[in-house]
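First comes the structure, then the notes that go with it.
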Amino acid sequence: NLTMIQPLFKNLKADKNTDIIWMLQDPVDENRLGLNRSMITNRQIDQYNKVAIDLLDESQAKVWSSSRLVAQGIRQPAKNIADDGLHISKPALQLDVQILLNMYCNDHMNYNDGTCCRSPEAATTVQIITAAFFLVCFVSAIALFVYKRRLPRNGIKPRTENGNKNGAPKEPYEALYEVTVSLAKLGMIMGYVYLCDRTNFFMKENKYYTHVNFFLPFAYVMILGFFFTESTEQTVVLHRDQTDEWKGWMQLVILIYHLTGASKVLPIYMQIRVLVSSYLFLTGFGHFSFFWKKGEYSLYRCSMVLFRLNFLVIVLCFVMNRPYQFYYFVPLVSYWFLVVYVTMAIWPHVTAASTEAGKVHYFYMVAKFVILITLIALFYMSESVVYGMVFGFVYELAKKYKFIDDSNNENLFSRIFSSFVVFLGLLGLGSYVIFTFLCKNKVECNQFHSYLTIVPIVSFILIRNVPGWLRTKYSSFFAWFGKISLELFISQYHIWLAADTHGVLVLIPSYPVLNVIITSFIFICISHEISKITGALTKHAIPSEWKALLRNFIIFCLILLPVCISHGVLSI
């Protein structure tokens with residue numbers, strides 16, 4: 001009979017809206033069967049199911065075997081089994097119905113989790129074109145590599161620049177080779193990214209928060225970072241080693257927070273908000289300090305920063321078919337960089353050199369701050385970046401007028417006053433922690449966060465920088481991660497987490513600790529490689545000569561804007 005109905009499946013399948021599911025027969029409880037059913041045995045049912053699998057496995061029908069496993073699993077206690085011994089219990093039946101509903105409904109539901117019962121997204125035209133582009137880059141990179149390796153063997157030397165005696169290849173060839181190889185590497189990485197989060201090749205699981213799951217890796221990472229404490233020759237407040245360290249440990253904590261789904265715990269959620277605000281604070285402080293000291297407002301500098309911030313996200317928009325705003329952090333820091341850039345670049349220019357020429361420039365800077373803060377208040381935007389700019393301005397004034405001296409490894413103030421300032425810093429951190437436990441819900445906490453976040457940030461800076469011995473120490477472990485913090489934050493979406501951050505990627509099922517170790521290693525290596533690739537491509541994509549820069553800008557617009565708008569990469 002199964003052989004006779006097999007051709008009918010093919011006719012039914014011709015209708016694309018029809019799915020044929022063959023449900024294997026469930027086991028029975030032979031001890032509960034009545035006399036008229038005593039001839040039914042599980043051995044006969046198994047033989048029947050085996051024939052069905054053999055005949056239908058390669059047909060248009062889907063053989064549903066998990067229902068049989070459900071019936072076998074729910075056999076104890078006895079009250080869960082149907083009285084007649086033939087039909088499955090109510091709990092097993094409910095699970096079967098749920099499985100069917102998942103199969104039918106999940107593709108049409110917007111689940112924010114790592115559910116596995118969902119068909120992968122169909123590739124769009126933009127994704128296919130992007131894959132073809134990376135494939136061409138990969139083949140070209142291999143061809144250039146082979147060509148480069150064969151030149152010396154054939155006794156042929158590449159053409160050299162005039163006056164170059166070392167036989168180095170001409171710059172255009174080297175530039176082409178570097179760009180092509182970098183794009184080929186990026187293409188392989190994007191292939192892995194797509195495989196992880198746009199196919200069902202790897203499993204995904206949901207996040208499950210427990211205090212142990214969050215605080216155990218947090219403590220381990222902190223202890224490991226302290227073991228790599230080193231001295232630095234830099235003594236200024238918030239020097240590069242220190243800011244890299246700050247970004248590094250913040251990023252690691254944020255990764256643990258996302259992996260464990262700790263956002264449901266309000267105090268932890270608010271502390272993580274402080275870390276994000278701290279990153280924005282450093283954005284304001286760092287860019288303000290650069291413009292204040294250098295006075296360089298060229299489009300080259302602006303384009304360089306924006307390219308490094310946005311390159312990975314733009315590529316992911318094409319590869320993963322997600323809007324630019326989906327990777328919210330990069331649009332956020334890009335926007336605030338432009339705010340800082342416009343604030344400092346707009347006339348009158350205020351720099352350290354200009355203040356030497358006239359004290360009125362301090363008034364100009366204060367006026368810019370007042371206007372900026374007023375606009376932010378009117379449009380209800382975050383004040384964190386402005387806090388960083390104002391802190392940088394006050395810091396420069398304090399150094400100029402000798403209120404502090406950070407040119408050596410001594411305390412910023414006298415011993416007694418330094419101890420008092422550190423105490424105030426500890427008090428500020430403790431006060432914010434108490435606030436996170438006292439506020440009742442996220443809405444209430446977020447209403448006060450923008451105004452209170454400056455307290456823990458400045459408190460941490462005081463504790464970290466006032467004592468000279470602490471200011472000249474840093475963790476190289478955290479600083480290394482800080483240098484790739486942006487790549488870590490973006491890459492986690494698809495190759496460490498899964499389902500667009502709503503789930504967790506599973507490479508090794510049933511071994512959660514081993515799985516986290518392996519996925520973390522791959523994730524960190526890829527993030528580091530993407531950082532190197534971005535650095536290599538930036539110098540070619542953003543030339544210092546203004547004509548070439550304008551040409552590349554026009555090319556980027558011609559490629560990005562029409563394609564993004566027409567294919568939905570940008571949400572409008």
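Any Cβ shown, glycine's included, is placed from N, Cα and C.
The domain 'Cas1p 10 TM acyl transferase' annotation in TrEMBL covers 109-385.
Under the heading transmembrane segment, TrEMBL lists 126-147 (among others). Below 8 angstroms of C-beta separation, residues 176-177, 180-181, 183-184, 186-188, 190-191, 194, 318-319, 321, 563, 567, 569 of the same chain, each at least six residues beyond the ends of the transmembrane segment (126-147), sit close to that stretch.
Under 8 Å from some Cβ of the transmembrane segment (208-228) lie the Cβ atoms of residues 248-249, 252-253, 256-257, 260-262, 264-265, 268, 475-478, all in the same chain and six or more residues away from its ends. TrEMBL lists 208-228 (among others) with the feature transmembrane segment.
Within the same chain, residues 206-210, 213-214, 217-218, 221-222, 225, 275-276, 278-279, 433, 436-437, 439, 441-442, 445, 475, 477-483, 485, 488-489, 492, 496-497, 501, 504, 516 sit at least 6 positions outside the transmembrane segment (248-267) and bring their C-beta atoms closer than 8 Å to a C-beta of that stretch. Residues or ranges marked as transmembrane segment by TrEMBL: 248-267 (among others).
The transmembrane segment annotation in TrEMBL covers 274-292 (among others).
Marked as transmembrane segment by TrEMBL: 298-319 (among others).
Within the same chain, residues 276, 279-280, 283-284, 287-288, 291-292, 295, 297, 302, 305-306, 309-310, 312-313, 316-317, 361-362, 364-365, 368, 372, 385, 389, 486, 489-490, 493, 500 sit at least 6 positions outside the transmembrane segment (326-350) and bring their C-beta atoms closer than 8 Å to a C-beta of that stretch. The transmembrane segment annotation in TrEMBL covers 326-350 (among others).
For 362-395 (among others), the entry in TrEMBL reads transmembrane segment.
Per TrEMBL, the feature transmembrane segment maps to 416-438 (among others). Within its own chain, the transmembrane segment (416-438) is flanked in space by residues 266-267, 270-271, 274, 445, 448, 452, 455-456, 458-463, 466-467, which lie at least six positions past its ends and keep a Cβ under 8 Å from the stretch.
The transmembrane segment annotation in TrEMBL covers 450-470 (among others). Same-chain neighbours of the transmembrane segment (450-470): 235, 237-238, 242, 246, 273-274, 277-278, 281, 382-384, 387, 391, 406, 408-413, 418, 421-422, 424-429, 431-432, 435, counting only residues six or more beyond its ends whose CB sits under 8 Å from a CB of the stretch.
For 477-496 (among others), the entry in TrEMBL reads transmembrane segment.
With a cut-off of 8 Å between Cβ atoms, the residues of this chain six or more beyond the transmembrane segment (508-527) that come close are 189, 192, 203, 259, 484, 487-488, 491-492, 495-496. The transmembrane segment annotation in TrEMBL covers 508-527 (among others).
The feature transmembrane segment is assigned by TrEMBL to 548-570 (among others).
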Quick tally over 298-319, 362-395, 477-496 of CB pairs under 8 Å to the transmembrane segment (274-292) gives the top stretch as 362-395
Near the transmembrane segment (362-395) in space but 6 or more residues beyond its ends, with Cβ under 8 Å, are 237-238, 277-278, 280-286, 288-289, 292, 336, 339-340, 343-344, 346, 348, 350, 355, 404, 450-451, 453-454, 457-458, 461
Tertiary contacts of the transmembrane segment (298-319), defined by C-beta under 8 angstroms and 6+ residue spacing from its ends, are 126-127, 130-131, 186, 190, 193-194, 287, 326-327, 330, 333-334, 337-338, 341, 486-487, 490-491, 493-494, 530, 534-535, 537-538, 541-542, 544, 546, 549, 553, 560, 563-564, 569-570
